[in-house]
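Asker: So that we are looking at the same thing, I have put the structure below in structure tokens.
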Amino acid sequence: MEMLKSKFIVFALIAALFQALGTQGINHRTISVNGINMHIAEKGHGPVVLLLHGFPELWYTWRHQIVALAANGFRAVAPDLCGYGDTDAPQSVGNYTTPYIVGDLVALIDALGEQQVFVVGHDWGSVIAWHLCMFRPDRVKALVALSVAFQPRDPSKKPTERLQAAFGDNYYIIRFQEPGKMEAEIARIGTETVLKEFLTYHSAAPFMIPKDKGLSPNCSLPLPSWLSEADVKYYTSKFQQKGFTGPLNYYRALDLYVSFKIWQNLTWELTAPWTGAQVKVPAKFIVGDKDLTYNSPGAKDFIHNGGFKKFVPNLKEVVVMTGVGHFINEEKARDISAHIYSFIKNFFI
């Protein structure tokens, strides 16, 4: 037993060393924004590039891009979004509506002393980034969105109703809706195991969590080359510290939400004034052809046959990467860094 403990300590020390080397030179601080304390990681000098992570991610998701952008004359800033990592996690689901999270980011841009920034988003970070561009185009020079295309508001149907009709009750977003239920499921299986299941998902098929089986990760699957045990342990340490309620609340804030018999108007209701609105900021979209979002019903038709361009008239480029899954900024870190730089340098004045 003592020998096993010693081996674990040695492994932990080695993992920490590689972790430190991989993020060397990245600075960390906490800023007060919109009523919360937000942790940011930053590196470099020059025009600010705001990097917004998704689920279940952290600032750390952008570690490769932070270094690459800083080396190319930019100031890369990656926050832990509300509810994640070392940023505060308010209790109320209302704090996770899109307008509220955009408010956090506008306050962050102010705190950084910037009038305008470049924005890069992945997954939920892309959802928030599209809305930041729609609500406050004056604060964004250009946008690079990964994995999630702009999704115009459908006034006839709420998001959860649409997703339930398309995928059924076992679809992960539907299963995330009940407060406490998924948190208990994650606690039963273990944070590290669940994170491995999410972060290694590499399929065009929708992600399902059957009600009769729950999460059932295949622990025998090896990690992909782009995700190390040290990476997983860093994610695990932060999600064990903060929990999953904040991150899951982004999904629970999609539309009308009932808590303790109190009806709360959330993102779908609050964004009604922007029904039919366009995003006019210059934009580039990058997605993997194995990404579950790209293979959702109607997604390819919307992206390639005029719908996307209708709502994002200044869409400059769409890149579909062959054989690449959802966690594109980690799986193809160098390519994504190059794509970001090649686009935003055109607006580097």
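The chain as shown is numbered from 1 upward.
Just so you know, glycine gets a Cβ as well, placed from its N, Cα and C.
Summarising the annotation, TrEMBL assigns signal peptide to 1-25. Feature annotation from TrEMBL assigns domain 'AB hydrolase-1' to 47-157.
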Asker: Under the DSSP assignment, what numbers of helix, strand and coil residues are found in the domain 'AB hydrolase-1' (47-157)?
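Answerer: Here the numbers are 46 helix, 23 strand, 42 coil.
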Asker: Average pLDDT across the domain 'AB hydrolase-1' (47-157)?
Answerer: 97
